[in-house]
Amino acid sequence: MSRIQIQGFRPLKGRISIQGSKNAALPMMAAAVLHRGVTVLSNVPLIQDVECMKAILNSLGCRCIQKGGVLEIDASLLHTTQIPDCFMKQMRSAIILLGALLGRLGEASCCYPGGCLIGSRPIDLHLKALNGLGALAEEEELQVRVRAREGRGPTGGTIVLAYPSVGATEQALLGAVLAEGETRILGAAREPEICQLCRFLRGMGARVKGEGTDCLSVLGVKSFDLHDSFFSVGGDRIVAGTYMAAVMAATGDVQIRGADLEELKEPARLFMKAGARIRREERGRDFRISIKERPRGLTLETAPYPGFPTDLQSPFMAFLAGAMGESCIRETVFEERFATASQLEKMGARIKVEGLTASIKGVWPLMGARVTAGDLRGGAALAVAALGAGGTTVIEECRHIERGYEDICRDLSAVGAEIRWMDAEK
Ligand code: EPZ
């Protein structure tokens, strides 16, 4: 059980290098299954979810070798189409492998991915996407089975997504690469991770276009059209946004390296509205965020990209809990994503949750407490709040944080935070 201890009230100063994007790397790893050969990814984050996806790919017959941030996936000997239950339960996003396996081997199956702390997380849009590729996708006794019509692989078609689901868009893309004919995906997600995936797919020989819009088009190719490829994963915009929220909570002046401010337009607008200064460095894409006094309260609402990202909702709640005045957060993407509020209240926060709205009365200073991480971004948010709180905070169950942050203690210590792992192995 990993725990973190934080001594708050220390302004943050210095430079943080941002890890590769979890939510860009995972779909690329799944896409590697499409090619009977080798795919190399660099800047892959060293996190639990990547370990889990590697274990799944190895269990299907692939060979994954990672040295530092460079991951080589050889999918030549892929032989299994059933995703092991244990891994599906660990990481529901593995469900996007169904589309890739359907394209490569004509069938796939996995156990029904459960909901999680942030919501029920249905998969109806995933099944609709796979049906739209001429596959028979059905749920039976907690199993999800997908198979192409007799003897054929997926066939192109028009898929209309009623909601711009990131995962369902990835599912449709991966299923369409080797489908016969053209596939159009309407109502597609526009997240930067989708754009990276499309660039990655073109790099391996797929014919994909339209990324960044809500209408994607894929011209199916033959498996021999795909070839070995190399791709460098972009920086993780959510990790960058989390650390920017930490500066807001603790105050300070921090340079962020390896993330693209263009992908953080809406969070940056809100950080500045709350009192931060954000400015690009003369050379390259690095930027700085600074604030000298308590942030001002905000009203914000989460939405699909380019709206405010739901993954930064908890980190924003964490610094707004100590901000001046009142704030209001409306969560429109996941129906259960306010669990962190009850942990922040142990630190003295005043947060009232009513349905999809959280009303916050800023309290300063928050006080350190013993709190428990319940999910990935909620756990990171507790660290954000602790950095701006008086006294000592201990966060339990930090395995949740390790799913998506390489080493939050390493990163924040680099800018002066007094934060450390309490368990020996770190
Ligand atoms: C991806 O999850 C991300 N995960 C999430 O990040 C992120 O919060 C989410 O997109 C939204 O941006 C990965 O990329 C691995 P969705 P995903 O399908 O694909 C509903 C993190 O912290 N929906 O866009 O699962 C769903 O219930 C994680 O890194 C259906 O109704 O998100 C939700 O309300 C957390 N039916 C909404 O769509 C479906 O078939 C958005 O979900 C699928 C989704």
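Backbone N, Cα and C define each Cβ position, glycine as well.
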UDP-N-acetyl-alpha-D-glucosamine binding, same site as ARG121, PRO122, ILE123, ASP124, LEU125, ASP311, VAL333 - TrEMBL member from ARG92, ARG152, ARG283:
ARG92
For each of the binding-site residues (LYS22, ARG92, ARG121), count the other CB atoms lying within 10 A of its CB, then report the residue with the highest count.
LYS22
In the chain carrying ILE123 (UDP-N-acetyl-alpha-D-glucosamine binding site), residues 6 or more apart in sequence that have Cβ under 8 angstroms from it:
ILE95, TYR112, PRO113, GLU139, VAL144
Which recorded positions from the set ARG92, CYS116, ASP311 come near ligand 1, judged by a Cβ under 6 Å from any of its atoms?
ASP311
Using only C-alpha positions, which one of LYS22, ASN23, CYS116 is spatially nearest ARG92 (UDP-N-acetyl-alpha-D-glucosamine binding site)? These are the recorded positions in the record.
CYS116
